[in-house]
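As written in TrEMBL, here are the features:
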ACT_SITE  His108  active site, proton donor
BINDING   Gly12, Thr13, Asn14  N(1)-(5-phospho-beta-D-ribosyl)glycinamide binding site
BINDING   Lys64, Met89, Arg90, Ile91, Leu92, Asn106  (6R)-10-formyltetrahydrofolate binding site
DOMAIN    2-181  domain 'Formyl transferase N-terminal'
SITE      Asp144  site 'Raises pKa of active site His'
Amino acid sequence: MKKIVILASGNGTNFEAICKYFSKSSKTSIIKLITDNKKAYVIERAKGLGIDYEIIDYSSFKSKKEYNDYLFDRLKDLDFDLMVLAGYMRILPGYIVRYYADKIINIHPSLLPKYPGLRSIERAYNNKEEYTGITIHYVEEEVDTGKIILQKKLKVDKNWDLEKLEEEIHKLEHQYYPQVIENLLSNSDEYS
Ligand code: GAR
């Protein structure tokens with residue numbers, strides 16, 4: 001059985017899509033959700049789906065370093081094959097990224113290297129991009145960099161408003177993120 005831990009900070013639609021995709025799998029299990037945000041809606045989703053969760057509330061730590069050190073300790077207590085960032089809005093420090101080299105993946109709502117960082121969908125929309133899309137990539141020390149595993153392009157219909165574009169981006173994310181996870185876990189010896 002391959003084990004996944006998911007880190008998320010917000011709404012959690014990707015978290016839910018991944019959990020549902022693997023809900024009947026005998027090969028893959030979501031062992032835990034970790035969130036840095038005690039108010040995140042993803043917590044309600046975890047409760048509803050019956051997934052174990054842990055809140056490591058960023059605001060209760062004195063410093064970023066204390067938070068990251070604690071997160072690292074908690075991760076080391078877990079036995080997992082893949083760490084999946086699904087709307088985790090903090091930057092993992094270099095020592096965590098290096099410790100789990102090639103075991104952490106992220107999804108980003110743009111065609112990286114375009115529009116890294118925040119509000120990527122909105123910025124692409126405001127710039128009237130003809131195409132935008134999603135990127136799934138390994139996590140490296142720099143934000144929104146790392147070897148790209150999959151990109152999916154989306155043609156932006158001129159009649160779409162921002163909300164519609166966001167909806168179409170999320171649909172792509174929910175369709176491809178679980179599949180990529182499944183492929184990574186089944187194809188790679190390093191995960192066995
Ligand atoms: C997703 O669109 C994801 O690509 C993005 O946050 C959203 C989370 O949505 N991630 C980033 O921007 C990372 N840089 P969700 O909470 O509904 O899954």
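Positions of Cβ are set from backbone N, Cα and C atoms, glycine also.
Taking CA atoms as the reference points, Leu92 ((6R)-10-formyltetrahydrofolate binding site) and Asp144 (site 'Raises pKa of active site His') are 11 Å apart. In sequence order, Ala8, Gly10, Asn11, Phe15, Glu16, Ala17, Val42, Arg45, Ala86, Gly87, His174 are the same-chain residues whose CB sits within 8 A of the CB centroid of Gly12, Thr13, Asn14, the residues recorded for N(1)-(5-phospho-beta-D-ribosyl)glycinamide being left out. By the rule that a residue counts when its Cβ sits under 6 Å from some atom of ligand 1, the binding-site residues Thr13, Lys64, Ile91 yield Thr13. Neighbour density around each Cβ, counted as other Cβ atoms within 10 Å, peaks among the recorded positions Lys64, Arg90, His108 at His108. Averaged across the domain 'Formyl transferase N-terminal' (2-181), the predicted model reaches a pLDDT of 97. If you compare Cα positions, Arg90 ((6R)-10-formyltetrahydrofolate binding site) sits closest to Asp144 out of the recorded positions Gly12, Thr13, Asp144. Looking only at Cα atoms, Thr13 (N(1)-(5-phospho-beta-D-ribosyl)glycinamide binding site) sits nearest to His108 among the recorded positions Lys64, His108, Asp144. Around the Cβ of Ile91 ((6R)-10-formyltetrahydrofolate binding site), the same chain contributes Val143, each under 8 angstroms and 6 or more positions distant in sequence. Listed in sequence order, the recorded positions near Asn106 ((6R)-10-formyltetrahydrofolate binding site) (C-alpha within 10 Å of its C-alpha) are Asp144, out of Gly12, Asn14, Asp144. Of all the binding-site residues listed here (Thr13, Asn14, Asn106), it is Thr13 whose C-beta has the fewest other C-beta atoms within 10 angstroms.
The least crowded of the binding-site residues Met89, Leu92, judged by other CB atoms within 10 A of its own CB, is Met89. Candidate recorded positions: Gly12, Asp144. Fewest other C-beta atoms within 10 angstroms, Asp144. Among the recorded positions listed (Gly12, Asn14, Lys64, Met89, Asp144), Asp144 has its Cα nearest to the Cα of His108 (active site, proton donor).
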